[in-house]
Amino acid sequence: MNGVKNMQDNFRNPNDLVSQIEQLTKKTAVIPSLEHQLHALKHREKVFRRQSAIFQSASSLDVSNAKTDHETVSKLTVELERVRSELERTTEMNMAQKEEIKRQNKKILELSTKLQKLVAIFQEEMQKKDELIRKLNDEVVDLHGQIRVVIRVRDFKKDPSFNFQITSQNEVKFQQNNFSNVFAFENVFQPGANQPEVFDDIKELILCALHGKNVSLIAYGPTSSGKTYTMRGESGDEKKGVIPRAIQFLLEQSMKELAVIGWTYNFDASFIEVYNEEVFDLLDDKKKLEMKQTTTVGSKKIPINDMADVTDLLELADSQRSVATTACNQNSSRSHAIFQINIDGVHKSGETVKCCLNLVDLAGSERAKESGAQGKQFTELTKINQSLSTLKKCIRAQKTKMPHVPWRESKLTILLRDYLGAGSSKTMFIAHVNPSDASETKRTLEFTADLRSTNIGKATVQTGQ
């Protein structure tokens, strides 16, 4: 670095050297002309002296001209010597500066080579670190079980007819009449938990998607228990939900740590809903979609390059989703919403990943008596409960290792089957309870127990090949 600094001191303004060379070139071009003039004048002086010796009567004008020519010759001789001297000095200076530049260039090249070696070592260490992180991340997730379950408890008023207690960071206790049980979870989010706390606990699972594993996060629970708030959130950074936070996390990780070790990612997103056992595209004027095996045909996919794209996309989907006001919930979701991020990654070595991150906001189960549903809302309620009942049957069929799993009884389970055991995925349920409702709380807790004891197999890297 000192060498570079000295070079900067010696050549504080690179234009000085260029200017000197230009001036030198101009003056050098004058030398042949001056030499020619000097030679011509000397010749005239010799001729004049010979003539003066022959013709003693040379006129005073000729004498004057000769004197003038002699003075001109003297001046030109002095000027020529000065230019030659300046040329020699400038040439010497130019050669010295060239040698200094050559020396400094050599030093810069040496520093550049060292820097390249350090960058290569750094990238190699980062690659090793990334491989270790992937391994440890998989081990941590697998230790929790293939279907992980966390629970978020909504603020509630105690009811003397039953007892609901958060007994630890991983357990809750439910007592009613002769029933008493303790339910375990990967984590229990108490009523005071904020949105960043929830996301911090699940982001290790989202990181698996950048490593090439299919990942699914599913918000489950009765109506008015806070599922949509958890997944979508509200306006303001502190109240953003899992969906916008997950995309921001993917973008940041892909552009920083993973980019350093040679990974490049492309993301696009689709947003669909299952409403009354039909599938609609929330990004394409709620167009009805056909099903082909476990996927939709013709759903619109929007590229995601930054958070501005996400904001526009979510606002469009919010305006299209089916909601209604019921006795239980002023803004009750009447459909199951599935937000899917498609991830395409390519490493400089040629390695590829092609997988999906599914963020699912299930409609809440409800009873007609409590919700006051009639007519259209009663039909919606019936379809929601039927699809959730099918989901429970599919989970229990896998838990008990039944030969047939009734995936095809609902459009919801057809869409989710690859993430619930029929394919390869890391899956987490975010269960929600509103302990003011004893019967719904009990049903939710019992289903989460089935989820946690269901083995859906180890997820594998999806390469798209």
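The chain as shown is numbered from 1 upward.
Cβ coordinates come from backbone N, Cα and C, glycine included.
Predicted automatically and left uncurated, TrEMBL annotations should be read as such.
In TrEMBL this protein carries:
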type	residues	note
BINDING	Gly221, Pro222, Thr223, Ser224, Ser225, Gly226, Lys227, Thr228	ATP binding site
COILED	73-139	coiled coil
DOMAIN	146-454	domain 'Kinesin motor'
Most crowded position, judged by CB atoms within 10 A, among Thr223, Ser224, Ser225, Thr228 as binding-site residues: Ser225
C-beta crowding around Gly226 (ATP binding site), within 10 angstroms: 20
Site with most surrounding Cβ atoms, counting all protein chains shown within 10 Å, from the binding-site residues Gly221, Pro222: Gly221
All-chain count of other Cβ atoms within 10 Å of Lys227 (ATP binding site): 26
Per-region confidence, the domain 'Kinesin motor' (146-454) (mean pLDDT, whole number): 89
